[in-house]
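Student: Take a look at this one; I'll ask things after.
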C-alpha cells in the first residue's frame, strides 16, 4: 500500500477502467516509467553494486532497467514478465537496496509458488548481498519446523518462502511482521494455480498497513487483478516481453552420441575447434561440471569452470580470466546462462541438453549477441532426441547434424 512517493499526475497515468473491464485492458507500461540503462546509475549502495558485478551481471535487463528504480522509490509495482527476463534479480536487488542491515528483523517477505523457487530466490539474495552481510532464510514446507524457528529467532533481514509455511511461522509468532516494509509476490499466477490464494490473503492481513507490494506474474487473470486492487495503492505497471534473445545468425548442430561416456571423447575431438575463439560448455549439474573439468585436465586440456557453489571470490577471478581471454574454455551450469555478456564467445556446447527449453535460448542466444555469428553444438543421446525436437518446434528453428568442417563456420 505504498502510495507516498510520487502519486501525483492522475492525467499522466491512464486510470485503470472499472475492475470488470480489466480483461479488455491492453496491459501496458505506465507512462512515468523511465529506463535506467546501467546498474551504476540506479543509485544503489556500493556493497550491493559489488555483489551485482561479482555475480556476473554487467548490464541490466529490460525489466531491471524499468522496475528497480520504481521499487526503490517505494512505489507499488505490477510487473508482467515471464521467467527468463531477469525478474528474480529485479526484486532481489530492490529488496537488498531497501534493507537496514543494522536492524536484525525481517524487513522484506517474498512469497513464491514452489520450494525450489523460494530456495533459488534465497540463494540469489545471499549471492547478490554477499558484501552486505545480509541474513536471508528460505521458509518452506517439507523441512524441519524447529530449524525454521531457530533461524527466524536468530534474525533474518529477508524471508523467502511458500505461502503455507510462511503463514504458519507468522501464526506461531516466530516470523515477526512489525518491521516488514515490502511484500513480493513472485509468479503470482502460479501461486493462485496452486491454490495458495487464501494463504496469501492470510499473510497479507498480518503485515503493517503501509507495506509496499511488488507483484510479478507472467499472466494477469481476473483473480490477480482482484488481488492488486485489494493490496496495492496506485501501482506502477511494467510490461516486459520475454528477452529478445534471438537464434538468428546462430548455426545450431547436434552430435548423436550413443552413450553418455562417449560425450567426453567427442568433446576432446572438438577441443581444437573450441579454442579458435572462446567457448562455453554447459552441464546440467554442479557435480557434472566438476567431474568434466577434472577429466579434461587429466587429459591435458586447459579449461576453467564455474558454478553456483563456488566461493564468490573464486567465481570473480574465473570470470575475469575468461573475459580477458586468458582462459578460452569455460565449463558451467545454467547459473551463468543469464545476464552474462562475453562478446568473444562464439561457440556454445550443450554437453547436456538443458532441463527446460526456455534455458536453451539463454545458453545459446548469448553466443550471437552484438550481432556476432555463433555456433551451438548439442550432444544428443538417443533419449534426448525428443527434447531436441521439442526445442526445434518451440523456437521454430532447425538443428542439423554437425558437419565435419565445423571449425570453418566459427
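Each Cβ is built from the backbone N, Cα and C atoms, and glycine gets one as well.
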Student: For which of the residue intervals 182-185, 186-189, 190-193, 194-197 does Swiss-Prot record motif 'DEAD box'?
Tutor: 186-189
Student: Of 1-20, 21-40, which range does Swiss-Prot call region 'Disordered'?
Tutor: 1-20
Student: When the motif 'DEAD box' (186-189) is classified with DSSP, how many of its residues are helical, how many are strand and how many are coil?
Tutor: 2 helix, 0 strand, 2 coil
Student: Given a separation of at least six residues and a C-beta threshold under 8 Å, show me what packs close to residue 88 (ATP binding site) in the same chain.
Tutor: 120, 121, 124, 186
Student: With DSSP as the yardstick, break the motif 'Q motif' (37-65) down into helix, strand and coil residue counts.
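Tutor: When I sort the residues of the motif 'Q motif' (37-65) into the three classes, I find 18 helix, 0 strand, 11 coil.
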Student: Could you tally the C-beta atoms, other than its own, that fall within 10 angstroms of the C-beta of residue 59 (ATP binding site)?
Tutor: 12
